[in-house]
Amino acid sequence: MASLSSQPSKKGQRSPGGSGNSQAGSRNSNGQTVKFARRTSSGRYVSLSREDIDMSGELSGDYMNYTVHIPPTPDNQPMDNSVAAKAEEQYVSNSLFTGGFNSVTRAHLMDRVIDSEVSHPQMAGAKGASCSMPACDGKIMKDERGNDVTPCECRFKICRDCYMDAQKETGLCPGCKEPYRVGDYDDDGPEYSNGTLKLPAPDGKRDPNNMSMMKRNQGGDFDHNRWLFETSGTYGYGNAFRPQDDMYGDDEDERLHGELMENNDKPWKPLSRRIPIPAAILSPYRLLIATRLVVLCFFLHWRLVHPNDDAIWLWLMSIVCELWFAFSWILDQIPKLCPINRSTDLEVLREKFDMPSPSNPTGRSDLPGVDLFVSTADPEKEPPLVTANTILSILAADYPVEKVSCYISDDGGALLTFEAMAEAASFADLWVPFCRKHDIEPRNPETYFSLKVDPTKNKSRSDFVKDRRRMKREYDEFKVRINGLPDSIRRRSEAFNAREEMKMLKHLRETGADPLEKPKVLKATWMADGTHWPGTWSVPSSEHSKGDHAGILQVMLKPPSHDPLMGNSEDKLLDFTDIDIRLPMFVYVSREKRPGYDHNKKAGAMNALVRASAILSNGPFILNLDCDHYIYNCKAIREGMCFMMDRGGEDICYIQFPQRFEGIDPSDRYANHNTVFFDGNMRALDGVQGPVYVGTGCMFRRFALYGFDPPNPERMTQVKESETQPLTTSDFDPDLDVNLLPKRFGNSTLLAESIPIAEFQGRPIADHPAIKFGRPPGALRIPREPLDAATVAEAVSAISCWYEDKTEWGDRVGWIYGSVTEDVVTGYRMHNRGWRSIYCITKRDAFRGSAPINLTDRLHQVLRWATGSVEIFFSRNNAFLASRRLKILQRLAYLNVGIYPFTSIFLIVYCFLPALSLISGQFIVKTLNVTFLVYLLIITICLIMLAILEVKWSGIGLEEWWRNEQFWLISGTSSHLAACIQGLLKVMAGIEISFTLTSKSAGEDNDDIYADLYLVKWTSLMIPPIVIAMINIIALAIAFSRTVYSSVPQWSKFMGGAFFSFWVLAHLYPFAKGLMGRRRKTPTIVFVWSGLIAITLSLLWIAINPPTGAAQADGLGGSTFEFP
């Protein structure tokens, strides 16, 4: 009763036209041979051929794309394939894949990944029975609950390797010597996605053995007719059957039509709303901007036509600076004309995508998948415990488990990071269900257990206190294990290296070598299973250093089952009855690095994750986080999805969330919160074309990262019969030839095939006439295919160092290379192609992270940002060269990004003007007349009123605004100036200068969380602000003494200069506090440098303009002041 269909198989759908890169010994377009191999538990390597991976048997090429559908009758259940798929998935999750340029791609089957006992039943090293085959030390297969998977009714225990060998050789069970016939093992839930239903028994019980006995005829054979009649069953695809009332048929069009009818019956509701700023605030705000702009023009005109002839040099410097400040103010202020607020409706999102319906009785989610990227590079600078807590907050996010995939990029290739992530995956087996059971918030365990609030608030379960106490104890043990990993790895490596030295010494003695010769054994770093770590070793050596190691990929947590897996009171330490205990997919990635290749730092690491994730999970949306930024609001992903899935969401390239920080001192001395930028500038840009991308806390549309333009009906070369059908790559970009895909994206077939799928799955539901390029409801309820070794092997090749050669990665595709601020450039390229972005401010902070509170660290952070802006200004990413798709206000904002560091040159000159005015006795104007004072008063009042209104619509405080103004001057006279010098030298002469720390004092109080605030670390960036402060103080003293001792005191000139001098010193007050440290002590080097430079400049001024007797002659007798 089997039917032969021409429908492509799943493998055929992955790699049409043959095995492609999945075959052993396949050759890529650049001539490199990629081989696949696996290491068995006994230590031998065997080839990963297609027959071994897919178990496709001896099928000829003519039949590779045909699938035989066999009726799922009780005598012929398709469980062998299910067991094979589960075995393959477990094999993939227990194997460490390595490979790269001119090297064999190997799958290292690991007996254990960490020294401690793992909690997750399917991780390598979990407790389990051994294989019953002779001379085999492997573990038998397990399901997600940790139960043994026995492929045969006889319950013969067999591991994955032996099972596959038996299937290939004889097809007989080694235990009962009968063909494999599956018993009652089946943990798969009912399948509704394709319109067929698992066939129940007449009494509603699912017992295949009993039903098989009931339906046997007198001859003992199975009576198919009787079974079909009594069960209303179906033979499979293409056969008539009687569907139940709450089911839909096999016809896809009818199913989609039914879905659309269901949605049309309900009133359409938006997922997000745009909330305008009240006119009572916005109208005066815009009026004040216009008023200040007009008054500023009149003031500058007056200044130009009324020079100070007595001090023309002073007037000229001041007018040049004021003209630049006016231009800089326009660039910063004009894009703020259209601020808006937005809100989301999570309940409507749930109704549209997660609620059960007649066509979706199980309530499977129709939300698109999300791939979350976490990047780290050095476990010494970025503590593994912090990264592990970030991973735990991601795994516990409130989003459909089967739709979430988490990727950690370890750019340092450190075993410490790898084992810390394995510990986190093991601990997540308890932490994630605990968060779901008690609705924990935040889901970062370190932050949660450090909260200074009542933990029982809003908790209703009677066992919460007991569970929390137990979980706190488990987390403390988890932290001890993480903190002890460096010492554990060191002691383990020393022991194994000593063993290798003894073996080498014994070998030398047996061969008769010189006994005094010391054996040469590499100081390797060893994994927990007693094998070499393929990444960076503690003692670097060839092919095992930070810049020279193989690509590494480990699926630490395999993709979960598509249906919920409810816990019970026996499987775990806690009672998780009726709680979904599934965990999202979690993958460790360390891209290949080799000498001679430009790896492009963080941007290159992110692009490697984009390619690997496209092959493994292909989530249509990507959310990237720094390793110290964790999910503070477990519904943050849903908040962002409200915009992506709403009407008009198809042309949104990314959702930027504001950055919020913890551990900042209460006074926010150095404006670390940066609220003026995140709550002011970014909110204003949201009303134009969207906020700029700021590096972390951003949800991307994968399709936009691939360098395509937003959907546009006018540019489509062909129109599909239905707007809800997936398009091809040539439909998106008519200039892109399908044959040229390798030139843009590389030679991975799976990656190229994933592009239109990601675009289609990222569309909003077509439930409104205004939604174009939508998708039908229910299209994303189909379970994704299980991972196999060939797919993971291709992902390894996609993270190799040679993959990007002669492609457009980093130039048009993915994160853009060429700047230390790759985030801004990447967002600019998307806006320049016509995409728009959204700023999502949630009631509860979406993400939280850490920021440097030390003065020197803060200055160096700003230096890196400013250096990237200078690079942008001198590159083709300058907004002057933008396309017409970039809106005018958005263009001004991007121009300001590239120009703002150059304001430091004029700012430093202007900060010296008060001192020069006081010392010389002159002022920037000839006399302080009424016109000048009126203009100055109006401009100042407008500035104050603008600040108050900006505080009103942005929600920031006046103190935060003032802190931002203070640090603007501090950074402008230090980091921004250094960035200009560094950028100009790099562009003009190719010289790169790094401003590094030269001395450092340690903190004295380890218990103070703000101890870093008082650390004084000397850096050359401190010289300009110190000189400015000292010169202004000296000038005030000189001018005051001169005025006091003058026979005719000119207090007007003194007050004019003193006012601006105090203005400078008030802005530098936080800088002075930072130099004093905790006990108001300033390092001696500060006084040495500042005193030397101040005295030198004072003597230089005396030499240029020496005192004469003219001033004395003009006096009316009496004493006069003369500089000694």
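Counting starts with 1 at the first residue shown.
Yeah, the Cβs are placed from backbone N, Cα and C, and that goes for glycine too.
All TrEMBL annotations are machine predictions without curation.
Annotated features in TrEMBL:
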COMPBIAS  1-10  compositional bias 'Polar residues'
REGION    1-43  region 'Disordered'
COMPBIAS  21-43  compositional bias 'Polar residues'
BINDING   Ser375, Lys381, Glu382, Asp411, Lys601  UDP-alpha-D-glucose binding site
ACT_SITE  Asp411  active site
BINDING   Lys602, Asp626  Mn(2+) binding site
ACT_SITE  Asp823  active site
TRANSMEM  893-916  transmembrane segment
TRANSMEM  928-949  transmembrane segment
TRANSMEM  1021-1042  transmembrane segment
TRANSMEM  1054-1072  transmembrane segment
TRANSMEM  1084-1104  transmembrane segment
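Features as recorded by TrEMBL, highlighted on the structure.
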| residue | record | contacts (Cβ under 8 Å, 6+ apart) |
| --- | --- | --- |
| Ser375 | UDP-alpha-D-glucose binding site | Ile408, Ser409, Asp411, Lys602, Ala605, Met606, Leu609, Asn624, Asp626, Cys627 |
| Lys381 | UDP-alpha-D-glucose binding site | none |
| Glu382 | UDP-alpha-D-glucose binding site | Thr376, Cys627, Asp628 |
| Lys601 | UDP-alpha-D-glucose binding site | Asp411, Val820, Glu822 |
| Asp823 | active site | Tyr693, Val694, Gly695, Cys698, Trp815 |
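Around the Cβ of Asp626 (Mn(2+) binding site), 22 further Cβ atoms fall within 10 Å across all displayed protein chains. Sitting within 8 Å of the Cβ centre of Ser375, Lys381, Glu382, Asp411, Lys601, and not among those site residues for UDP-alpha-D-glucose, are the Cβ atoms of Thr376, Ala377, Asp378, Gly412, Lys602, Ala605, Cys627. Largest CA to CA distance in the UDP-alpha-D-glucose binding set (Ser375, Lys381, Glu382, Asp411, Lys601): 16 Å, whole number. Most Cβ neighbours within 10 Å, among the binding-site residues Asp411, Lys602: Asp411 holds that distinction in the structure as shown.
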